[in-house]
Each structure stands twice: as structure tokens, then as C-alpha cells.
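Structure first, commentary second.
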Amino acid sequence: MTSLTPSALSSSHALVVFSGGQDSTTCLGWAIKHFKSVEAITFDYGQRHRIEIEQSRLIAQKLGIKQFILEFDLFSKLGDSALLETSSDLKASPHRTKPHLPASFVPNRNALFFTLAHAYAQREGLTHIITGISEADYSGYPDCREEFITHLERTLNLGSDSSILFAYPLLHRNKAQTFALAKECGVLDLVLEESHTCYNGDRSHRYEWGYGCKECPACGLREKGWREYQASL
């Protein structure tokens with residue numbers, strides 16, 4: 001990850017790839033703390049639940065962050081993920097065509113997201129792209145590995161004659177450590193009350209770790225992280 005020195009930050013402008021979930025909300029708080037100015041880019045790509053987009057808007061408004069929402073419907077046409085189908089079971093199912101991966105894996109999603117974010121950053125004159133990818137609570141997603149993001153950064157900069165840097169503050173942090181970072185950056189209450197992680201789109205059940213169904217893998221990981229975070233205090 002880019003070395004963030006005070007002198008470099010005084011003229012740095014960050015773009016957060018922002019879904020409205022726990023990780024990207026934490027990254028938004030982290031970016032606000034470290035960079036001179038911050039924007040957010042959110043992708044409306046036909047995901048299962050509109051609540052993700054709604055919560056991202058709410059969080060961006062509460063933090064006073066400029067948010068660009070890009071709508072496209074490509075993944076549903078390529079269609080190879082339970083995350084795009086409201087009828088699919090996401091509890092512990094394998095991917096339909098890649099059984100060694102979770103059913104929620106969307107092939108090449110991060111590659112496309114980061115490519116579009118890179119193009120937007122060029123247009124806006126932004127110097128850094130912040131993403132919440134993590135290897136610590138590894139879900140089996142190959143596009144959440146450091147090897148992937150470092151190679152993509154180089155490829156995108158070579159292909160556009162740019163020098164935009166990627167930063168990924170959660171790469172080696174598990175969910176408990178992500179809760180701790182949210183607290184450090186002053187956004188823990190916002191993460192608990194407004195961020196959305198649940199694969200089933202449940203905002204009707206409130207637990208100490210936030211809203212969710214408490215049954216899907218995302219809720220399980222978030223609950224486990226919260227309990228570990230509380231135990232560390």
C-alpha cells in the first residue's frame with residue numbers, strides 16, 4: 001500500500017470505492033482522516049437489494065461526501081453469481097461454475113469496478129483510490145488479494161499513462177480490527193447504524209453489531225468480528 005506521509009497527504013485527493021457496507025464505510029472514515037479531500041464512487045450493477053445503494057447515499061450525505069453513482073447492468077447479462085439472483089441461497093453454497101469459490105462471487109467484479117474508478121479518478125484529478133479489500137477474513141475471492149490489486153494498479157496506470165495509487169487499509173485487518181479502525185476514525189456508530197452488509201437485505205432486525213438476518217455468511221462474519229472486537233476492549 002502507498003506510504004501515506006503528512007507532506008504527501010497535504011495535496012492528495014482520494015476516491016473511495018464505496019458500497020455502503022462495513023468495510024467501505026470504514027474506508028471512507030479512514031480516507032477522511034488521512035486525505036485533503038475525499039469523494040466516493042458507488043456502483044449500481046443489479047445487485048440483489050436496493051438497500052445497499054440507499055444506505056450508501058445516506059452515509060455519504062451524513063459525512064458530507066460527494067458521491068458519484070454509476071449505473072450499469074452488465075453482470076446480470078453475463079450472469080454467474082447468486083449475489084445477482086434474489087431466489088438463490090447464499091448461506092453456504094458453492095459457486096455454480098466455480099465450486100471452489102462461494103456462490104456470492106461475481107467474476108471480474110472488482111476488476112471492472114477498479115477500472116471504472118480509475119477512469120473517474122483521472123477525470124476528477126484524484127490521486128488515490130481507496131478500496132476495502134481484505135485477505136484477513138478471506139472469503140475465497142481471488143480479486144481481494146494483494147497480488148491482484150498491485151498488478152491491476154500497474155496495468156491501469158500503464159494503459160492510461162497515469163500514476164494513480166491504490167490504498168487498501170483493511171488488507172491485513174480482520175473484522176474485529178476493522179471495527180477498531182472504524183472507532184479510531186470516528187465512524188463506528190455510523191457503521192453500526194447505517195452500513196449494510198447482509199446478503200439477504202434485512203434491515204428489520206437490529207443486533208449489537210448492526211442490522212441483518214444473522215444467517216448469511218456476511219452477517220456471520222460481521223457478528224463474529226464484533227464479538228472479537230468487544231472481547232479485545
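Note: Cβ is positioned from N, Cα and C throughout, glycine not excepted.
With a cut-off of 8 Å between CB atoms and residues at least 6 apart in sequence, the same chain places SER24, THR25, CYS27, LEU28, ALA40, ILE41, THR42, SER56, ILE59, ALA60, GLN67 near PHE18 (ATP binding site), listed in sequence order. The annotation ATP binding site is assigned in Swiss-Prot to PHE18, SER19, GLY20, GLY21, GLN22, ASP23, SER24, THR25, THR26, CYS27, LEU28.
Counting Cβ atoms from all protein chains shown, CYS198 (Zn(2+) binding site) has 23 others lying within 10 Å of its own Cβ. If you look up Swiss-Prot, you'll see CYS198, CYS213, CYS216, CYS219 marked as Zn(2+) binding site.
Applying an 8 A CB threshold to same-chain residues 6+ apart, the list for GLY20 (ATP binding site) reads THR42, GLU52, ILE53, GLU54, GLN55, SER56, ARG57, LEU58, ILE59, GLU194, SER195, HIS196. For the binding-site residues listed here (GLN22, SER24), the lowest count of other CB atoms within 10 A around the CB belongs to SER24. Recorded residues CYS216 (Zn(2+) binding site) and GLN22 (ATP binding site) have their alpha carbons 15 Å apart, per Cα-Cα distance.
It is 16 Å from the Cα atom of CYS198 (Zn(2+) binding site) to that of THR26 (ATP binding site).
Other Cβ atoms within 10 Å of the Cβ of THR26 (ATP binding site) number 28 in total over all chains.
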